[in-house]
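Written below as structure tokens is the structure these notes are about.
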Amino acid sequence: MGKGFYISKSVGVVAIILGAGALATIIALSVVYSQEKAKNNDNVLPTDGGSTKPPVTTPAPSNNPWDKYRLPKSLVPEIYHVTLWPRLTPDETNNLYIFTGNSTVEFKCAEVTDLILIHSNKLNYTKLENNHLARLTSVNGDKAPSITKSWLEPLTQYLVLQLDGKLSKDHQYQLFTEFTGELADDLGGFYRSEYWENGERKVVATTQMQPTDARKAFPCFDEPAMKAIFHITLIHDAGTVALSNESMSTGHGLQTTVFEPTPKMSTYLLAFIVSDFGYINNTIDEVSVRIFARKPAIAAGQGDYALNITGPILKFFEKYYSSKYPLPKSGKSTTRIWFKDKYRPTFANCPESSSGGIPSVFISIIYWFGNLVTLRWWNDLWLNEGFASYVEYLGADEAEPDWNVKDLIVLSDVHRVFAVDALASSHPLSSKEEDIQKPAQISELFDAISYSKGASVLRMLSDFLTEEVFTLGLQTYLERFAFKNTVYTDLWKHLQMAVTANGTKLPDTVHNIMNTWVLQMGFPVVTINTTTGVVSQEHFLLDPDSEVTTPSQFNYQWIVPIKWMKTGIIQTPEWLTEKSATVQKMKASGEDWVLANLNVVGYYRVNYDVNNWRKLLTALSTNHEAIPVINRAQLVDDAFNLARAKIIPTVLALDTTKYLSREREYMPWDSAIGNLDFFFLMFDRSEVYGPIQDYLREQVTYLFRYYKNMTDSWTKVPNGHMDQYNQVNAISLACRTGLEECQNLTMGWFTQWMHTEINPIHPNLRSTVYCNAIAAGGAAEWEFAWSKFKNATIAIEADKLRYALACTKQPWLLNRYLEYTLMPEMIRKQDATSTIVYIANNVIGQSLAWDFVRARWSYIFSEYGGGSFSFSNLINGVTERFSTEFEIQQLRQFKEDNAEVGFGSGTLAVDQSIERTIANMKWIAENKDTVLKWFNDQNKA
């Protein structure tokens, strides 16, 4: 899965690709909307800072095999036969939703043993005729040892079977079990998800196996390297449809669906759904694509866009990988799916949808790079997820070449993860295998480092190798390791083979270059002195006073590719292989200036001597288009972060915003707004807030009026995709800073909607208009929006309203909304944590949200899943504004009070929040007076 969504935290759209005479694999496709992504970016699976160094492995309580978290190598699974029956109505006796099932796993004995360990979590087993929890038989015809003792180990999540004799090496055995599990709404394993349709509660049985929750659905050898073939049978109610990784083979009556065997694959890749969804389909080059969704959504055309672009994108990736569907050929014309993708409903609207807003297509292709070839262990998770996060931009660009989607990786991934990776509590991309053992430790790896840093360094690698060499290496890698498990260095070897074959010149091997980026945390700031030509690097830390306790075999030095230009003319790329070097060509005299890291293809920040900074600022103020648009965004982002790290003065960073009144491009504006958000967070409770508002209102007024003219007084939609994004920025910032014309505009639209019940607000603008109108209004506006939210039939519209409801300035409404987040009939469980973060983003709601989370942490943690990726986002979100001694004391107390309860995937985020709060306190103490003076001076000018 790529970032932006978890594979099954949804009730959305399911894309099925059907092969006629050949097999097809699934393309994980999500249609993501920019504003929703900006607000929900951290919920992806993913996090706007949710990663720190992995914890030290806790010693196992004993030397018994069942007390260790890793499976022994004695047994190797080959085939599973699994039958599951989910109940979509609660049991009358206990009011629980349950599923029942049975499983037969055929395995080979690789080492003689009298013990069977198989993963199992939260499953209740039926005692069989042998009075044990399982039955063992031999495939080879000889008698299998008898089970003498069987029990469950909840801590290490095993079903343990002791035998009265040894299993024979190279012999095959079958293990049969019958079990019952709860179809809980905990977002893990085989679980239920609910939604409302025409006033009726609908229940879907769906799955989220990654990383360690297949064991919640059936007993299995639940490690990535333990690949096997799966025969899945689903029993389900009449009128529902069952979907799984493979094609439907036979149907027995209305209630049983038997699926074709899967290819050899890991347990975490399994997926199945039981629902009453409808579908639409299309056939492209003998590949039939089906889009499943709620029947009203299908009828409203919300799956049309996904249907139209899935086929072409599949073809693009076949060409990219030089590989047909990564499945064996079949002589039958059957329906086959390898790894089913489940969209959130908000991700499937077509561009013409009545509520869709601005579409951005993101295609997450992990199915060649992750399914066909699988990581050996979770310590290399970054390679799967980072690669998917990178190539989704390539697929999106193929689907919509006019949108310039590829450039957005800089804002969405590179700049995003810089904020996390600049902390002393970050961690390397690749961890030691022995440090990642427990399920909780595995879950902690699903963070911004694995997704966004992984994508960023792979993009850099692709750039300095060239895409041609990069894809050549990928293709041989996939061919060599098809249906096998690998470690990341296997990819380096194949890329090096491509480098050698192509004659590409590099300063060192791919292995040596890339290990400096993979095996040590953080990234460098490259400083260029244009007077002397000296180019140097150092480990960039957002807080220069923080102590780095994680050692690095490279002493925090990187092999850095540098693409650069001089006064608008692109120069020959350079490499920085040492701590510092002199590059004569980088000297600049007179009016010449140097700009490095063109298009931000390198994973590093850039600093310059003061004179070069001044010349770049002059270029921005006199002819900003002489600097590439991505680098205009980079200059702003680098400057603000260099200032926070005390490398350059804060006023120099603020000076990069003075040209914005002439800027019309989306990326520089978005970069500026994102960085100035930090000033809002730090000062919106102080006297500095007013002058900030005045300055930004003046700057954004030009952009606001530019789009007013472009759209003929807001009656038309901008043609350009980036203009559609930036129009939202213009209205949002103008209203936020108190531009009266903007506030009247948004309130007028909202009032018209309330009075007429006809929504006049264009889908592109609804999120920001709703928020500003609710902020300016009172209880009537909030109640109207709540009513619309509860009755919304289009998921993306519901999400916009859910976000906007957090914008009210009425504390009693915010407190009520917080209470709703823990009431699944009001706010769906999968939306609870993001809703709390929305409320915390509101300066009035921040303290309310923090008090709420502290008071209810034990309940939130137990009911919303310790492995839920959103916990890191929740903790970071509610503490983002922290900047006082009182708040740091509260944070430390929160950590102490809940040490026994735990924090799940938020464990590392707690320490990160403490570190960030300390840095915020220092920054305010050192900069408040200077910042206040700068804004006052600008407002007087």
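Just so you know, glycine gets a Cβ as well, placed from its N, Cα and C.
TrEMBL does not curate its annotations; it predicts them automatically.
According to TrEMBL, the Zn(2+) binding site annotation covers E385. According to TrEMBL, the feature domain 'Aminopeptidase N-like N-terminal' maps to 76-269. Annotation source TrEMBL lists domain 'Peptidase M1 membrane alanine aminopeptidase' at 368-517. The feature domain 'ERAP1-like C-terminal' is assigned by TrEMBL to 593-916. Positions annotated as region 'Disordered' by TrEMBL: 40-64. Summarising the annotation, TrEMBL assigns site 'Transition state stabilizer' to Y451. Under the heading transmembrane segment, TrEMBL lists 12-33.
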Fill in: Integer Å distance between the CA atoms belonging to Y451 (site 'Transition state stabilizer') and the residue listed as 'Zn(2+) binding site'
5
Discussion item. Can you break down the domain 'Peptidase M1 membrane alanine aminopeptidase' (368-517) into helix, strand and coil residue counts using DSSP?
Written reply: 111 helix, 6 strand, 33 coil
Worksheet item: Per-residue pLDDT averaged over the domain 'Aminopeptidase N-like N-terminal' (76-269) comes to what?
Response: 90
Fill in: Surrounding CB atoms that lie within 10 Å of the CB of E385 (Zn(2+) binding site), all protein chains
29
